[in-house]
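Written below as structure tokens is the structure these notes are about.
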Amino acid sequence: MAPCLSLTTTPANGPRITPTSRTQSQSTITRPILNLLLPNSKKSNLKFTSSISNPNPFRLSAAKFPQSNKPSSTTTTRSLFTGIVEEMGEIKRLGTTGNGAGFELEIRAKTVIQGVHLGDSIAVNGTCLTVTEFTGEGFTAGLAPETLRKTSLMELGPGSRVNLERAVQPAGRMGGHFVQGHVDGTGEIVSRVEEGDSLWVKVRVEDEELLRYIVPKGFIAVDGTSLTVVDVMEEEGCFNFMMVAYTQQEVVVPMKSVGEKVNLEVDILGKYVERLLGSGFVESMVKSS
């Protein structure tokens, strides 16, 4: 994924996402929308039905949404987050852009829009997005097709709550750990167990290749929240963590049920170590010493 996502938008009319039942076994998606999610597919106006393992809580359908002013240029920003959620925002709308080449997400928020500028980065459930428009009540961010394929943002609908964090400032405290906002994949909540006023959450990693970067007592960002891994169950492809009462009140993970998805970003330090060892640099240093 790119360091941070941004999208040039053009005022126009386009489809809007409308809620449907969560219990539906299939999701009907119009071909132009699917073109955004399936690379190298040929454009067509045909409709078809696509089976999915975890149905989206909404259907993409043709509807109109009003025009609005957008910035005329694309901004790419490298940002860093801490995994300390500043506030929980509320999804207002998730819909396609006017030219049909991507999506945009409108979020109601108060704290993170203070001092915000066009092109600034805000992590939404751990996904680094670029602000393309803002008001006193919230902001709009562009979404690329790869973002929807890689994250759980596609499952959001109007009223969904999301974790929000602005990019950390150089003089700010590092209260959590280094979080880039580059989601590595998604996981599925497989169990929730209360112990006193704390909550145990167990997550199955969809891409088991990520498990090698997840270690007991190590950091992981779950929906953008910096958490400490307690145990890793290699044979199950799972890991777990515990959340104290205060954290449960400040982030969205405790609001999710068994079977729902979460965004995962593993600790970047593990990737750097693996790359360094695989490059032969360490061996060359040992031989030369």
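All positions are counted from 1 along the displayed chain.
Cβ atoms are placed via backbone N, Cα and C, with glycine included.
According to TrEMBL:
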- 1-28: region 'Disordered' (REGION)
- 1-12: compositional bias 'Polar residues' (COMPBIAS)
- 16-28: compositional bias 'Low complexity' (COMPBIAS)
- 80-177: domain 'Lumazine-binding' (DOMAIN)
- 80-177: repeat 'Lumazine-binding' (REPEAT)
- 178-277: domain 'Lumazine-binding' (DOMAIN)
- 178-277: repeat 'Lumazine-binding' (REPEAT)
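When DSSP labels each residue, the domain 'Lumazine-binding' (178-277) comes out as 28 helix, 45 strand, 27 coil, counted as helix, strand and coil in that order. Mean pLDDT, taken over the repeat 'Lumazine-binding' (178-277), works out to 94 on the 0 to 100 scale.
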